[in-house]
Amino acid sequence: MAGSAPEGSQFDARQFDAKMTELLGTEQEEFFTSYDEVYDSFDAMGLQENLLRGIYAYGFEKPSAIQQRGIVPFCKGLDVIQQAQSGTGKTATFCSGVLQQLDYSLVECQALVLAPTRELAQQIEKVMRALGDYLGVKVHACVGGTSVREDQRILQSGVHVVVGTPGRVFDMLRRQSLRPDHIKMFVLDEADEMLSRGFKDQIYDIFQLLPPKIQVGVFSATMPPEALEITRKFMNKPVRILVKRDELTLEGIKQFYVNVDKEEWKLETLCDLYETLAITQSVIFVNTRRKVDWLTDKMRSRDHTVSATHGDMDQNTRDIIMREFRSGSSRVLITTDLLARGIDVQQVSLVINYDLPTQPENYLHRIGRSGRFGRKGVAINSVTKDDERMLFDIQKFYNVVIEELPANVADLL
């Protein structure tokens, strides 16, 4: 059993390798097996024809590093631990594994996917539905902030897959609206984030209600001790798929910084950028909800059309704003880290960090929004004297060099 950590403590990715080495160097080294087979194309993976149609229709051409390694073992029914960040195509990895194994003639819940936020759960639901379009999959997202009665009605009518947040999923199981008898796959997405948000007990409670023989997939950017503990309690001889941090991170995304003497001058720099660049769609990250509102007002007063979203807005408003952004009717979205993980817009070509993130891990969650799945993307970081330390930490953490923004930036977009 991995040592459990103090409640509410946070761990970063740098501890992952050390922790794994320590665990694998002990008598428990039989616990994990590494899975090293790599498939260069989706066609080579032995997937159903109609699943392949969904994958290609969604816009995938070549599998990403995590997909090349991760789809097949999941399809084989193995318990899988994948260390993978946002922007690497991991959602499509486990969605493909789930869709390949469903019995479509049985309209009962056969797969349960848990995610830490409503936005992420809804995003997974969209990907699952899109990839399973030609298979006739029935998917439902059970998340807080929506009608309990509506959830009960849909679950009663029958679905193949439920995606949701731990609180609402546990509620549906407790009310017996979600029947666990046929569930054969259980996926924890962003396990580190769920644990840091205090969902550990609920995840354990849900697991107790599931059938004993069940396939488990754990996806996590980092592996804090609590996540390792979960893998030990829930999993049976899991295969461990690790894509090295520098291999999966920022491939295909050009990163730059702009030196700004004072915090107050960031706004001028930002407006200059928007006046010189032809941008399809972009996301601007700031660190506080208050700053989202402030920056939105400032940009609108200068005739820039922008949308804004943050955690203080109700779910319905956030959904409408995200729909507008996805459809392209709004081209600039200002937001905070909280929602970084739920944004998946294929056309985003530019991410601007108006504020650098407070944790190096979040840098990837943010800039992974541009250059999704091998597309070209650009990230621009606005840096004052106070930000220099964090910029240095980010470069060290991801083993990258972030260069000063060149004069010909327009040619890069």
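These residue numbers are counts, starting from 1, taken along the chain as shown.
Here the Cβ of each residue, glycine as well, is placed from N, Cα and C on the backbone.
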Per Swiss-Prot, the range holding motif 'Q motif', considering 40-68, 214-242, 272-300: 40-68
Given ranges 177-180, 189-192, 325-328, 393-396, the stretch to which Swiss-Prot attaches the annotation motif 'DEAD box': 189-192
Helix, strand and coil counts within the motif 'DEAD box' (189-192) (DSSP): 2 helix, 1 strand, 1 coil
